[in-house]
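The structure appears below as structure tokens.
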Amino acid sequence: MNVSPKFFGASAPVAYGGKDAKSPLAFRWYDKDRVVRGRRLEDHLRFAVCYWHSFCWPGGDPFGGETFLRPWHRGTDMMALARAKADIAFELFRLLDVPFFTFHDVDVAPEGASLAESVANLNAIADLFEQKMASSKVRLLWGTANLFTHRRYMAGAATNPDPDIFTYAAGQVRAALEVTHRLGGQNYVLWGGREGYETLLNTDIKRELDQLGRFVSLVVEHKHKIGFKGPILIEPKPKEPTKHQYDFDVATCYGFLQRYDLLKDVKLNIEQNHAILAGHSFQHEIALAQALGVFGSLDINRGDDLLGWDTDQFAMNVPELALAFHDILKAGGFTTGGLNFDAKIRRQSIDPDDLIHAHVGSMDACARAFLAAADMLDAEALTMPIAERYAGWADAEGRAILAGQRSLADLANRALAPGFDPQPRSGRQEYLESLVNRYV
Ligand code: XUL
Ligand code: CO
């Protein structure tokens, strides 16, 4: 097996060339050093390349196998292949000049014959990552453990009917959390891959929720024990792989965190395609997470409106992204979170440089949307009409109602007074929609 250092056609990092750049591989909007609202674009957007879609997925679908034929998927020395894959991954991070990456344990290191062997493999690759990170500027946005691919997890990890599977999952998460900590990870993610059910004929929902609550609590306790400062992020998704997932959407996750007293340590990693599958918009999930104080990070991608599954395409829709970023920026921007490309190229995109084009195109779409969002905020284009719409609540009577200084009878008596006749006002939706279009 020989992975040529010239795997990609490009060899110089993609540079900002402005809107009229001639090169097909240039940033047209993502000028990483441009300062917007007091921060460089790179520090606002905090882009991360994910390992699993970009370097592990071979291009298969339910009807056909691998199309990409990656050189690091051919051979028998699994650790050598993992090292070759890491070389290519860090080469892509360099070419894209991204500040972060993300991975699952099994993306980066082969599973061994026992958990002990898997953990040793993971730690050996983490040693390699430490060296590579020391000689590059890329950092770890988050790490996670894959608790859904192996057949042992077919009936769930934390929610498995067998406590020994729960225990195995705990062993995997301890190792992944500690490696994330060692590599300076800013968050740790728990996506409930198979924490759900296929049929209630064999499922005890209350028991499984209690198991999941216990599992997340154990992770939080361990995070404090080892001094990991970042938040634990759970990732809402309503279905796929199971028919019903316990972390259905933001509202469901909030209820879960509240019930198991986890709101202090756990926030949410929100993904566009998952929002769509739950019957919400991306902006809805972000706005609700902000309102409930559980917003953490974003898996940035795009579902297909005509397909009912998680297509994980690269996000390219500027108006949609602009509204999402508007709400994030309004609340002060990312803290530990960022924009993780949980996105995969289509299986016909078999040229190595398709990986570069996909990321560059989506980074540009995000940057363009972000600049539009910042302009909307600066002009108070959406915040002012909303403030005006609710202005009555800032008056003395509105404040008194919310402060609990009016009873139902007080309100009724006021409403019954002669001449009390409040009038409805326009919601001005079309005006607001056309206003947004001035910016995007
Ligand atoms: C699956 C998904 C995961 C998580 C990490 O739909 O989004 O890749 O982001 O486990
Ligand atoms: Co995701």
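Residue positions begin at 1 at the first shown residue.
A Cβ is built for glycine as well, from the same backbone N, Cα and C atoms used for every other residue.
Per TrEMBL, the Mg(2+) 1 site holds E235, D299, D342; the candidate it also names there, chosen from E198, E208, E271, is E271. If you take the Cα of D312 (Mg(2+) 2 binding site) and the Cα of E271 (Mg(2+) 1 binding site), they are about 9 angstrom apart, rounded to a whole number. The 10 Å shell around the Cβ of D310 (Mg(2+) 2 binding site) contains 19 further Cβ atoms across the protein chains shown. The candidate set comprises the recorded positions H104, H274. Of these, H274 has the most other Cβ atoms within 10 Å. Classification of D310 (Mg(2+) 2 binding site) by DSSP places it in coil, neither helical nor stranded.
Around the Cβ of E271 (Mg(2+) 1 binding site), the number of neighbouring Cβ atoms within 10 Å comes to 26. A Cβ within 8 Å of the Cβ centre of E271, H274, D310, D312, the residues given for Mg(2+) 2, is found for these other residues of the same chain: K237, Q272, N273, L277, D299, N301, G303, T311, D342. E271 (Mg(2+) 1 binding site) sits 10 Å from D310 (Mg(2+) 2 binding site), taking the C-alpha atoms as the reference points.
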